[in-house]
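Colleague: In case it's useful when we look at the structure, here is the feature table from TrEMBL:
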| type | residues | note |
| --- | --- | --- |
| TRANSMEM | 30-52 | transmembrane segment |
| TRANSMEM | 96-121 | transmembrane segment |
| TRANSMEM | 142-169 | transmembrane segment |
| TRANSMEM | 175-208 | transmembrane segment |
| TRANSMEM | 228-249 | transmembrane segment |
| TRANSMEM | 269-294 | transmembrane segment |
């Protein structure tokens, strides 16, 4: 980043995107290697999950339809039940493997990209091999932050479901309950977006500061103040494009509604994997830029020497005298 730290606070929606593109272009070869080894597999896993899930559910649907046509007692009925049990087991095992793989590659990709951008900002020499040697040391901190966020979202969803149930118990089924339900649903999604924004910023904090887990999320909540609208706009835009890619994949590859045949579907699938890879990489860079923008907005001095020292800790090249030595200091203007 060639901007002065105090200038970052003035970046808006388009300015953040422009800064992210500049960073990627500055070290194009490095980010290409990161994308090919970490982000591309993640993109493939995302879209392969859509294809495989659809195939499994198609079998389940066929067996459920066949079950309805069979008498309750009989060998055919029992065989269909066994098939359904086997298919649901397969789906659950596949889903578990998918979530584990997504978690691993997401954490590794985030660690690599955030560390690379921090090195660029601090003027620290770096190579792809050097960054990859740091990633295993960083992702554990991200894992703690993720697990806390997962628990928070789980609790948030549970409370939301409980509220919905209480609405129908108290108001019953009618216009009043429908209006309240619409309001609760809107509030639910607003809260979910806010939590997601906090999580993305907390992921960067977990790499660049001596905070992770709840501490990183508390810092994220403080940093986002004043830049919440921009951060939310960026998050929604990134999410909509990701949803759009999934939609196109379903139409062109899974159901082949808009493609001419198998060859066209395969070509479309490969193209969408590449597009998703580029989009995820850009999103990771953007969330790091948002972090620096928020730091600048709150006049927290992003000292390059302190940041460089903090990054060297991961490589074992520097041992700080105390924890406060690696914190990004705050100054007032």
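Placement of Cβ uses the backbone N, Cα and C atoms for every residue, glycine included.
Can you tell me where each of these features sits in this structure?
Modeller: Under 8 Å from some Cβ of the transmembrane segment (30-52) lie the Cβ atoms of residues 24, 94, 98, 101-102, 105-106, 108-109, 112-113, 116, 126-128, 131-132, 245-246, 249-250, 253-254, 269, 272-274, 276-278, 280-281, 284-285, all in the same chain and six or more residues away from its ends.
Panel annotation: around the transmembrane segment (96-121), residues 1, 23, 26-27, 30-31, 34, 38-39, 41-42, 45-46, 49, 131-132, 134-135, 138-139, 142-143, 146, 203-204, 207-208, 280-281, 284-285, 288-289, 292, 302, 304, 307, 311, 314 of the same chain, lying at least six beyond its termini, place a Cβ under 8 Å from a Cβ of the stretch.
Long-range neighbours of the transmembrane segment (142-169) within the same chain, counting only residues 6 or more positions beyond its ends whose Cβ lies under 8 Å from a Cβ of the stretch, are 103, 107, 110-111, 177, 180-181, 184, 188, 191-192, 195, 198-199, 202-203, 206-207, 212-214, 216-217.
Here the transmembrane segment (175-208) has long-range neighbours at 110-111, 114-115, 118, 138, 141-142, 144-146, 149, 152-153, 156, 160, 163-164, 167-168, 216-217, 219-221, 223-224, 228, 231-232, 235-236, 287-288, 290-291, 294, 307, 310, 328, meaning same-chain residues at least 6 beyond its ends whose C-beta is under 8 angstroms from one of its own.
Packing against the transmembrane segment (269-294) from elsewhere in the chain are residues 1, 5, 8-9, 11, 16-17, 19-21, 23-24, 31, 34-35, 39-40, 42-44, 46-47, 51, 109-110, 113-114, 117-118, 121, 200-201, 203-205, 208, 223-224, 226-227, 230-231, 234, 238, 241-242, 245, 248-249, 252-253, 302: each is 6 or more residues past its ends and has a CB under 8 Å from a CB in it.
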Colleague: List, by number or range, the same-chain residues at least 6 past the transmembrane segment (228-249) whose CB is under 8 A from its CB atoms?
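Modeller: Beyond its ends, the transmembrane segment (228-249) has Cβ neighbours at 12-13, 16-17, 46-47, 50-51, 193-194, 196-197, 200-201, 268-269, 272, 275-276, 279-280, 282-283, 286, 290, 293-294.
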